[in-house]
């Protein structure tokens, strides 16, 4: 058997830094550890975050708007810190060691959070349903919360890319498996979320917050053990050096050559003579006609060499220039995901607060916590992901001729449409709920006689939308990222969720300020029976519709990256 059949051709190495053997490393045998790790880590994250708004209200005495904004701010931070982890992974540590290092921080944060809710002196003292947190206790809680945000920042941007690295995209059979990996990766996330939103939320509301946070902490410890258990089977992509340095080199070189004319023949632009790229872990990229200004960085002049060597701050390769173009090209697609993420964030804030006003009983004795309704979002994802992979894709392939049924951009767009219907559904339910309140004068009733399970459709539609948009984004950003910038681009896709959470905070703040003028209660008062949460849902539906129209225009003009070279390989 020839060497090309034995070893991967995408630059990956094994744990001992030898070329990755196809038979001994990677593929699904390595991914089972990665999927297990992700399932436990997401169980820990959602087990702590799904019901967070209720902890802030019940134990830290925060009001609806304050608690909602604190949740979205923290959640947003959890999706910004991946930029830190992604940079370290692509530039210095690699994905494996970045996940390993930040997981330790994550475990410490979960441990401190558990202590803050269970140890006398750290947890708030309560008289019945009224708690009296001190400033110190509140501070410890938020320190733990943001330690978790930092810890997850090293895992989120790396783990999906690390899983995709286990499949050699130069191998036709493995390339098809990689596309399925993203679906099953998202299923593993939601299995963890399912346990969190059902079992753990019930434990938090009925047994205690110490156990409710302690079990997620234990799950995170198990996630770390699972991850390290698969070390010998992993394929590792070596870091290619600082991607930000390469980006700034192109920008500075371009401005230094403002007066230099780009030749009509693009083959005259500077590129290494070898078939292999000079960037570790990357393949050469074809020249594209977008953002032509940056082509100046690849135009050779007499001042570009120092003692016979290229000055990288004056002359860059075509591949380096195309890396920057690829990142810039992804930004409009990134921006179009922000409103979708804002809709998604309502499941942990407004949907929960809306559910708090409804009848939560199943039978005469059992009461389901309102935050547990998110399990129907999870069940929706678990239901639709395999349906998409096994049924929708083959059916769509017959009409589109596309190997994956839909293009990645089409898949994202379908999810954006579904998010509009999710907000319309939530708005209609709130209109009906408020009509019952007004008709029966239930304004001061804690729970109106309307089953919380009327919320199921809005959760289910959001879950279906996730299968299209979030999984589509994961695959799109991995596929369109330059090889040596995949962690960074995965982090970029995740920051749409951060921006969506921050946008939600901004919208709630603005809506509250505007609608409470002249002594009015506003759209989102503490007593939602006297408010108009439906107006907030209509606002999100309108924003989602406008966002989709803009997305159609963006997707139409998107230019896909083209690869020409071979990944630099290491010698045995």
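Here the Cβ of each residue, glycine as well, is placed from N, Cα and C on the backbone.
Only residues 6 or more beyond the boundaries of the transmembrane segment (96-119), in the same chain, are considered here, and those with a CB under 8 A from a CB of the stretch are 41, 44, 48, 55, 59, 85, 88-89, 137, 140-141, 143-155, 158-159, 162, 208-214, 216-217, 220-221, 223-224, 227-228, 231, 234, 236, 487. The transmembrane segment annotation in TrEMBL covers 96-119 (among others).
Same-chain neighbours of the transmembrane segment (139-159): 34, 37-38, 41, 45, 48, 60, 74, 77-86, 88-89, 95, 98-99, 101-110, 112-113, 115-117, 122, 133, 487-488, 490-491, 494, counting only residues six or more beyond its ends whose CB sits under 8 Å from a CB of the stretch. Annotation comment: TrEMBL describes 139-159 (among others) as transmembrane segment.
What TrEMBL lists as transmembrane segment is 180-203 (among others).
As annotated by TrEMBL, transmembrane segment applies to 209-228 (among others).
Feature annotation from TrEMBL assigns transmembrane segment to 327-346 (among others).
The transmembrane segment annotation in TrEMBL covers 366-388 (among others).
What TrEMBL lists as transmembrane segment is 409-432 (among others).
The feature transmembrane segment is assigned by TrEMBL to 452-471 (among others).
Feature annotation from TrEMBL assigns transmembrane segment to 492-515 (among others).
Marked as transmembrane segment by TrEMBL: 535-554 (among others). Here the transmembrane segment (535-554) has Cβ contacts under 8 Å with residues 332-333, 336, 338-340, 342-343, 346, 350, 412-413, 416-417, 419-420, 423-424, 426-427, 430, 507-508, 511, 523-524 of the same chain, all six or more residues outside its ends.
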Task: Highest-contact recorded stretch vs the transmembrane segment (492-515), from 180-203, 209-228, 327-346, 366-388, CB pairs under 8 Å - done: 327-346
- [ ] Can you tell me which of 209-228, 327-346, 409-432, 452-471 gets the most C-beta pairs within less than 8 Å of the transmembrane segment (366-388)?
- [x] 452-471
Open item on the list: Please tell me whether the transmembrane segment (180-203) and the transmembrane segment (409-432) touch - that is, whether there are at least 3 C-beta pairs under 8 Å between them, with each pair 6 or more apart in sequence.
Closed with: no
Open item on the list: Quick check for me: are there 3+ Cβ pairs below 8 Å between the transmembrane segment (452-471) and the transmembrane segment (327-346), leaving out pairs under 6 residues apart?
Closed with: yes
Task: Folded-back contacts onto the transmembrane segment (209-228), same chain, C-beta under 8 angstroms, at least six residues removed - done: 33-34, 36-41, 43-45, 47-48, 51, 55, 59, 99-100, 103-104, 106-107, 110-111, 113-114, 117-118, 123, 192, 196, 200-201, 203
